[in-house]
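Trainee: Dumping the structure here so I can ask a few things about it.
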Amino acid sequence: MSLTTEGRGSEGRGSEGRGGARRASGTGPPRDLVSHGAWFLVLPALLPILVLSVGPLLYGILLAFTDAQSGRTEPTQWIGGLNFRDLGHDTLFWESFRIGLVWAVGVTVPQFLLALGLALLLNQELRLRWLARALAIVPWAMPEVVVGIMWRLVYSPDAGVLNETLRDLGLGDGRDWLSGLATALPAVIVVGVWAGMSQTTVALLAGLQNTPRELHEAAAVDGAGAWRRFRTVTWPALRPVALAITALNFIWNFNSFALVYVLTSGGPGGRTRLPMLFAYEEAFRYGQFGYAAAMGCVMVAVISVLLALFLVGRLRGGDRA
Amino acid sequence: MRTSATGRVGQYLALLAYLVFLAFPFLWLVSTAFKSPRELGSLRPGWFPEDPTLANFRQAFDEQPLLRAAGNSLLAAAGAALIAVLLATPLAYVMARHRTLLARAATGWVVVSQAFPLVLVIIPLFLVLKNLRLINSLPGLVMVYVVWALPFALWMLVGYVRAVPVELEEAAAVDGAGRLRTLVSVTAPLLAPGIVATGLFAFITAWNEFFFALVLLKTPEKQTLPVVLTHFIGAEGVADLGPLAAAAFLATLPSLLVFAVIQRRITSGMLTGAVKS
């Protein structure tokens, strides 16, 4: 979220900061105490962040340029860009990368559209809204492993509710969704959409409740239809939140692991092997730490470029609209 | 907002469709958990168990060390939540109140940390923890969870701190209260509900976490609940559905309960953090 709200947030904080300075010059002491005391407050969190997050990230990037392997006795050596050259020829990796992109887009887009619809509904004065609100959050609360297990039960060829329903409706005998070469990826994408809808809905609902109600009513009085009101009043107010949550969803989905690990562990025949599963196997099954780190770097790089393009495009589009 | 009658009907139909889509997998899980083995073996499983039984639950506890796994999960999640909140609250305060370079760097880290694939983090962490002899240990896992929970905890807490009016703190300062005194007796009480919500959220996040636990915990005695759950699925992906469903259902209950408690606060936390400008 912070991606886009940061701009707006910092304006707010800017004025706060100036106000604070003005007030501080009036009262004197507090400001000094604050800037000294600040280190006290910051250090406890800063140390673990540096040691266990920033450090490992940099270390991870460095590892990508080495031949590090698990359980090897010889010292690790610098091999420059060799890992990346190998990756360039690794068709299996690029296939997995392609699947990752299909999955990320295939999950993120429906996730957003469905969540937007749900958020708009939940923003209305409807009966049963409390139930829908509670249910809308359930997937968010569940462990990803359980979500995977749950959908395995749904997709189960014999005892699954999906095939059962198809049989009841007379639509054939159903199939083994998760092991079918053609159905596996769409089947896991549906699960991804289900699992991630909650967060998106909550974020969009929060954004919706921030849209100016008076404007909405004024537009209604002026005879603007629902679609027009949405386009001219709701959407402009919602856009920053929508952009931020979509960008985050895309990253999270591209990097997701547990769901697909439980559902198919990458099968059948690698049809659902997301890049994270690929890198996990490379690192912890085959012990190729350096090579797996290089994969991680490529994933970050490509995602950053795609996101930058997406955000720049969207922001420009917004200026024109 | 006035909506036409047909519009209303359409809205309710849409809401119903959402409710069905959101609820049916979970209902199916619960139903499967209470079905008898005979019913699960039949080719025509119904929506409701014909004769509800606890046999699956008994079998689940016999097959896997669920209690111990739950204990491990509880320790890891509670430890991580407690430490994360203790560390994050002061930093969040500074981030919300001061526009220092440091505060901005911390905000930048919160954003950037979301973009990195876990594999790039876990390999170095694995090596570091191995050198510290913290592989296959809950304290090692707690350390990782703390750092992993920090970004969202900071995000929420910054929102909650901003919601506490600065004027209150200034008034206390004018009245002669020292900085520490102000923080302890003015800011902290107002912040407490937000801190609790953040801690509980961190707890759920850690309770549900799978990837780090899978990589870092090797022996079954140390493994957390999500990892143990995957043991119900055999090597060929064949699973004994009844016990699997029963165990999965039980593992979800704590998360659902905690989430029910903090639901409203999470929404408002996102609201203040995300939208307030």
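Keep in mind that glycine also has a Cβ here, set from the backbone N, Cα and C atoms.
What TrEMBL says about a protein is an automatic prediction, not a curated fact.
Pulled from TrEMBL, these are the listed features:
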DOMAIN    B:70-262  domain 'ABC transmembrane type-1'
TRANSMEM  B:12-34  transmembrane segment
TRANSMEM  B:74-96  transmembrane segment
TRANSMEM  B:108-129  transmembrane segment
TRANSMEM  B:141-161  transmembrane segment
TRANSMEM  B:182-207  transmembrane segment
TRANSMEM  B:244-262  transmembrane segment
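Walk me through the surroundings of each of these features.
Mentor: Using a Cβ-Cβ cut-off under 8 Å and counting only residues 6 or more beyond its ends in the same chain, the transmembrane segment (B:12-34) has close neighbours at 40, 45, 47-49, 52-54, 56-57, 241-242, 245-246, 248-249.
Remote same-chain residues near the transmembrane segment (B:74-96) are listed as 102-103, 106-107, 138-139, 141-142, 145-146, 149-150, 153-154, 157-158, 160-162, 183, 187, 191, 195, 198-200, 202-204, 206-207, 213, 224 (criterion: CB distance under 8 Å, separation of at least six residues from the stretch ends).
Within its own chain, the transmembrane segment (B:244-262) is flanked in space by residues 29-30, 32-33, 56-57, 59-60, 64, 66, 70, 196-197, 200-201, 203-204, 207-208, 225-226, 228-229, 232-233, which lie at least six positions past its ends and keep a Cβ under 8 Å from the stretch.
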Trainee: Near the transmembrane segment (B:141-161), which residues from the same chain, at least 6 beyond its ends, have a CB less than 8 A from one of its CBs?
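Mentor: Non-local partners: 75-77, 79-81, 83-85, 87-89, 91-93, 95-97, 106, 109-110, 113-114, 125, 129, 134, 187, 191, 194-195, 197-198, 201-202, 205-206, 209, 212-213, 216-217, 224, 266, 269-274, 276.
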